[in-house]
Amino acid sequence: MRTEKIDKSIHNASLATPKQAFSQVLSETLKTGIIKSNLLAMAAGLSLALYVTGIPIGEKLPEILFAIFGSAFVIGAAGAFNNIYDRDIDAIMDRTKNRPTVTGRMQPANALVLGISLSLLGLLLLGVASPRAALFGFLGLFLYVVPYTMWSKRRTIYNTEIGSVGGAVPPLIGWAAISGDLVHPAIIGLFVVTVLWQMPHFYAIAIRRYDEYKAAKVPMLPVVKGFKRTFIQTNVYLVVLAASSFFFVSLSWFITIVALVLSLIWLTLSIAGYKRMEPKKWATLMFVFSLNYLTILFTVIIGFSLLSPLF
């Protein structure tokens, strides 16, 4: 039954789809935008580890390069597997209906070979950087593909929470490529922040694409419980996110203050915006700031970690 629905949805979505260059097909199959954002998260964890251990960047250059390329391949593989499994609901949603696995420009069998190949190569490269990095790479890949994509995404309103654990693994990969101390407050804080950030971010996407998720029967929180419940739950996560900023106290008060201020601005925008805007405009505001939050915080962490030893 699922196969029949997939075939019908893909056929309907591919009728008027223009041809694409192979590089574009590959990019969309592997989700290069997600690869880039996750590499930034990985770099934040790696930079923190260099700072905490006091190891000069030059001494770990091979490990750094293996971690970068290994992470990119594993994250790309996760994107390929997700595209294969979700092609039926992707065909229904406007933002995903032109993905190569939907239009037929990338056949599922080819995407599967690509995903498996990149998984093996990526994990091998991470293993050269550090066995712990490879372990986290495998864990992140598994959590994203199986508990999230194949199970919770279509079954529960807590799919975002379940998926957030796998989505927060890249900083752990970067850290583990350099340091074996997995209980340091800095990396715990970075992991917690990355987990918590995802709920307000993806709730905002779910509101902006409410009709599409509803049509695809994906039980996102706003679709099942409504906007008010989503607003309340968003603010709860933002309060906890602000509190989690204090994980960085032992590392740097500067990073702590940056993380705290960003969280409080986000919370203020949420409360003030909800009172003045209709839900989709509020969600757009939340979505845009979520991107700024993570980009600014990770950039500050990377800059602080790499530049502080020079002074």
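Note: Cβ is positioned from N, Cα and C throughout, glycine not excepted.
Remember, predicted model here, so these are calculated numbers, not experimental data.
If you check Swiss-Prot, you get these features:
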type	residues	note
TRANSMEM	39-59	transmembrane segment
TRANSMEM	61-81	transmembrane segment
TRANSMEM	111-131	transmembrane segment
TRANSMEM	133-153	transmembrane segment
TRANSMEM	162-182	transmembrane segment
TRANSMEM	187-207	transmembrane segment
TRANSMEM	246-266	transmembrane segment
TRANSMEM	287-307	transmembrane segment
Item to check | Selection from 133-153, 162-182, 187-207, 287-307, the stretch that has most Cβ pairs under 8 A to the transmembrane segment (39-59) | outcome: 162-182
Checklist entry - Between 61-81, 133-153, 287-307, who has the most Cβ pairs under 8 Å to the transmembrane segment (187-207)? => result 287-307
